[in-house]
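Now, the feature entries from Swiss-Prot:
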- 1-21: signal peptide (SIGNAL)
- 32-68: disulfide bond (DISULFID)
- 62-256: disulfide bond (DISULFID)
- 69-259: disulfide bond (DISULFID)
- 79: N-linked glycosylation site (CARBOHYD)
- 116: N-linked glycosylation site (CARBOHYD)
- 191-343: disulfide bond (DISULFID)
- 246-279: disulfide bond (DISULFID)
- 268-415: disulfide bond (DISULFID)
- 272-401: disulfide bond (DISULFID)
- 346-369: region 'Disordered' (REGION)
- 353-369: compositional bias 'Basic and acidic residues' (COMPBIAS)
- 486: O-linked glycosylation site (CARBOHYD)
- 488: O-linked glycosylation site (CARBOHYD)
- 490: O-linked glycosylation site (CARBOHYD)
């Protein structure tokens, strides 16, 4: 029996040697050449970088299995992941701002060119058409264009009152020019102006200008203000700082697979989307009011097309003024009789009348209208851009989760899921803060929305309301609603909240990910070898123990 036991021991010894040899072959550590290449490419020194995998109990963000990253490497990767994330957001934000400001500048420049051209044509033509009537009263025309510009630029001028004031002053000047043989007191002029509505000295032109030009200016002003407000919202939303929880999640998403030895595999798509939707939850809450603003801008843009477009109205203000003066000149006798009947006959002077001569000179000259499609082109461009950026806020995660970096269909089991190479089990979260309550990747406090984002949501609502009023032809008071909001920045170094041992553990590091990913248990710090090798060794020890016990009995 003793010989039999020794035989068993001999065979077990051979088995142990074979197992050790097999274990030694399987325990050969992986090379860290790939992660070192990535690390070097990011501008870091390779001093201290391991040649092969080391135990990962020092890691604070990445899974604590075997790793190619030291504490310093993990910290550097964490910092660079934050920098790259914020840089990509800034780049996207700057691109949208450029689009909006370019459209704002193009429309604003063209609209003001129309107004400037109209005034220039008036200044060139009216001296020859109306002689002293214009030269002695040119200030009222300059004042009109000045007030139109101020209104368009957002001042508190009441456009309707400005137009009424212009027509009243023009009535006084033309009536005096037509009756130079009379002397008019201030009281007489007051009587004349008070009868303006009844007399209708300029025909229907003032009413037409009030309806069409006022609507054009209201729409144009609201449109440029809306474009400016949209760009301002994008700028301020970009100032929202990256949260600590987001920074950890992005590091784990982007660089932990390198530390884990999986540099060549892609990210699990749903994993990437969950990280980004958690990080960009506050920004996604802008979506609803942003869409309302874009839709309102598109509605107002439609006002610039058709027979009553801006080119036909703003660019022809001087023509309408000329038509009004001509109408009054051609109906001089009828108007004079009505005024004298209502206000009385004024005292005569020794001056003669040149009104007939000026009336003949003052025939309205229609300006040749060139077929310019510039406004149509501008509106077509801006409508296309507005439509393209309508879903900007909810599409931000797609900046990071592109086809280039995420695994496609058929590769769901061969992607980085936050712990290892394998399938990602959790469902993708929806967009917006409220949908992040169960986000397994980013610990989001849905009860504390970002105040900068809330302020921008309110600005979007205010601007949308103004645009809707403008679309309906209602004048609105535009004040500059922009304010200098400064977002808090992030310093250098991997702070305690991000990497420190005293950090608040999120769901991703405690419960959710290991349970839902359904991956094998990772070795704890201090364990040697891999899980499968340890299990075989434990089994061998058990066999030896059983044999010893049996031999003892024998």
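Cβ from N, Cα, C; glycine included.
What you are looking at is a predicted structure, and each value in this text was computed from that prediction instead of being measured.
Residue 69 (disulfide bond) sits 9 Å from residue 32 (disulfide bond), taking the Cα positions as reference. Within 10 Å of the C-beta of residue 68 (disulfide bond) we count 27 further C-beta atoms, all protein chains included. The recorded positions shown are 62, 116, 191; of these, the one with its CA atom nearest the CA of residue 68 (disulfide bond) is 62. Among the disulfide-bonded residues 191, 246, 279, not one has a Cα within 10 Å of the Cα of residue 259 (disulfide bond).
For the disulfide-bonded residues 32, 246, 259, 401, 415, counting C-beta atoms within 10 A of each C-beta gives the highest total at 259. Residue 116 (N-linked glycosylation site) sits 52 Å from residue 246 (disulfide bond), taking the C-alpha atoms as the reference points. Non-local neighbourhood of residue 272 (disulfide bond): 253, 397, 400, 401, 405, 406, each in the same chain, at least six residues away, with C-beta under 8 Å from its C-beta. Taking 62, 256, 279, 343 as the disulfide-bonded residues under consideration, the smallest Cα distance to residue 415 (disulfide bond) is found for 256. The Cβ of residue 116 (N-linked glycosylation site) has 12 neighbouring Cβ atoms from other residues within 10 Å, across all protein chains displayed.
Annotation for residue 191 (disulfide bond): same-chain Cβ neighbours under 8 Å, separated by at least 6 residues, are 342, 343. It is 343, among the disulfide-bonded residues 62, 256, 268, 279, 343, whose Cβ has the fewest other Cβ atoms within 10 Å in the structure shown. Comparing residue 268 (disulfide bond) with residue 32 (disulfide bond), their Cα atoms are 22 Å apart once rounded.
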